[in-house]
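Annotated features, as they stand in TrEMBL:
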{"type": "DOMAIN", "residues": "44-149", "note": "domain 'ORC1/DEAH AAA+ ATPase'"}
{"type": "DOMAIN", "residues": "191-249", "note": "domain 'Cdc6 AAA+ ATPase-type lid'"}
Amino acid sequence: MIVNRDVLEAEFVPSEILHRHSEIEHLSAVLDPLQSGGRVDGALLYGPTGTGKTCTSQWLLERLEQQHDDIHTTHIDCWSNSSRAAVLHRLNEAVNGPERTRLTRSSPADEIVRKLKHDLEQPFVVILDEADQVEEEVVLYELYETPNVTTLLIANDDAEFFAPLADRVGSRLTTLPRLEFPAYEPDELVSILEERADHGLRPDAIGPDCLEVIARTADGDARVAIGILRNAAEKARATGADRISNEIVLEVA
Ligand SMILES: Nc1ncnc2c1ncn2[C@@H]1O[C@H](COP(=O)(O)OP(=O)(O)O)[C@@H](O)[C@H]1O
Ligand SMILES: [Mg+2]
């Protein structure tokens, strides 16, 4: 039933991002000056969960890093790094590597900010994922003010997160370009699921009508859709079924 479990996991970064052409174009255009030695402040990416904000930005940064030896990138999950110190330490580790990090692990946050501002000579693009979880928002502003750091802020709700930020840490952050990631249409989810099923499941393990049931149930959220596919595949395996049926899908959805 399952031939490659990895591609059914939420953390998997697909080699091909479907239905995000305009978002990829827009973000590429925003980051384009980096390719010719220019500076980019960053961008705000927002939209409901499971709309590809994380995978699209990671996919794009991986490519940027591969194409340019002097551009470096990292991804920081602000759910698990919500304090100013945690964000700055993760960034410091990413910039300086494990060797230097050992020496600077105890560096106070202020010292890290100072060093990034003065010592960072090459572009460093950082995804601050789930940025609405950051408790000390001043760090968002500090990174914005750091010349060679480009910050991609990801949050669910534009108005809820970005608008009040203006009052708290200054309006300049809110002038960053904004990219909206809308919920997927059912047929878009079907093709995302097809791709995962092709790589993750035995041929013919699931039919198109069944993928459509999953897509409609997932309500625009690719994470939910892939989760249902994974659970249905496991249920089918556990019960010895050779195909995933609508009944199995409805049981696990
Ligand atoms: N356009 C897409 N093409 C292929 N897979 C996608 C696409 N969008 C989302 N996914 C997959 O769906 C899951 C959720 O996507 P994610 O980027 O984490 O969403 P978000 O960050 O918006 O919550 C991940 O497993 C991701 O690989
Ligand atoms: Mg995400």
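Placement of Cβ uses the backbone N, Cα and C atoms for every residue, glycine included.
Computed from a predicted structure; not experimentally measured.
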As a quick check of your reading of DSSP, tell me how many residues in the domain 'Cdc6 AAA+ ATPase-type lid' (191-249) are helical, how many are strand and how many are coil.
43 helix, 3 strand, 13 coil
In the predicted model, what is the mean pLDDT computed over the domain 'Cdc6 AAA+ ATPase-type lid' (191-249)?
96
Going by DSSP assignments with H, G and I as helix and E and B as strand, what are the residue counts for the domain 'ORC1/DEAH AAA+ ATPase' (44-149)?
57 helix, 16 strand, 33 coil
